[in-house]
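Annotated in TrEMBL:
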- 41-290: domain 'G-protein coupled receptors family 1 profile' (DOMAIN)
- 26-47: transmembrane segment (TRANSMEM)
- 59-78: transmembrane segment (TRANSMEM)
- 98-120: transmembrane segment (TRANSMEM)
- 140-162: transmembrane segment (TRANSMEM)
- 200-225: transmembrane segment (TRANSMEM)
- 237-261: transmembrane segment (TRANSMEM)
- 273-292: transmembrane segment (TRANSMEM)
Amino acid sequence: MEHWNSTLESGFILIGILNDSLSPELLCATVTVLYMLALTSNCLLLLAITTDARLHVPMYLLLGQLSLMDLLFTSVVTPKAFMDFLLSENTISFVGCALQMFLALTLGGAEDLLLAFMAYDRYVAICHPLNYMVLMRPRVCWLMVATSWILASLSAIVYTVYTMHYPFCKAHEISHLLCEIPPLLKLACADTSIYELTVYVMGVTFLIPPLVAILASYTLILLTVLHMPSNEGRQKALVTCSSHLTVVGMFYGAATFMYVLPSSLHSPKQDNIVSVFYTIVTPALNPLIYSLRNKEVMGALRRILGRYMLWTHS
């Protein structure tokens, strides 16, 4: 109890990748550029999906939710890391650490489920186009969105409460970019082996079924696309699906490394690099991957820009 009270009062010290780099100034500048790119591209994509009536369809509703999750995810981590580096102040309070963990787990879990629902959306659109507006009617889409957020937040609050109940009696230095379960458990002065096994099993349980659903959906999509008579339709389907699969590969690769591979197989430095990838790099790249190869989104952005130019000259 004394150790727990000490942690509650003093908090933790985050030793992220910016503080543990050979050229921190260059890395900080890179992170700042990526964060600004993530903010700008995700906000523009959300603006296009919200304001353009042509994009008020299930695919873009789900894509808008993905952009919102990416925007929030990177904002939970990056500004704190940036300010810590500038002010040479790396502390985070016990409550702040718990909140950051809860938000990161919620947003990561919600994105995990949402990507599976997006794969189902593409499966219905390509394999059952005549039933698309019935199977993906607005009520179903919003149910998918709500399911992603609710299940992820319930899971996150259980993980956060249980992780933070441990007494932390070692040096309160977290060798990580943010407060996450694996690096925090290394500071606990109690036996966490059973909980670590539980986290591993639940991580596999939470990640693998959506991934299997995604792979099954795209296998069926590929079989359908190969039998399409129209070359243009085949090309459009492949472009849309390749964008989604690129995002899926980046997200699940990083998540598998952090939560499925045993901790003995990765070091704090590797964890830091992977955490930068899924909290900063991926949110910056996702909207570019989806929008640059998508004629509907690019058209909506051009219309928004055109209206803005007219407004400024009027």
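Glycine is no exception: its Cβ is also placed from the backbone N, Cα and C atoms.
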Sort out the residues at least 6 away from either end of the transmembrane segment (26-47), same chain, that have Cβ-Cβ distances under 8 Å to it, and list them. 17-18, 63-64, 67-68, 70-71, 74-75, 78-79, 81-82, 85-86, 276, 280-281, 283-284, 286-288, 290-291, 297, 301, 304
Across the domain 'G-protein coupled receptors family 1 profile' (41-290) the predicted model averages a pLDDT of 87
Would the transmembrane segment (200-225) count as touching the transmembrane segment (59-78), if touching means at least three Cβ pairs under 8 Å and pairs must be 6 or more apart in sequence? no
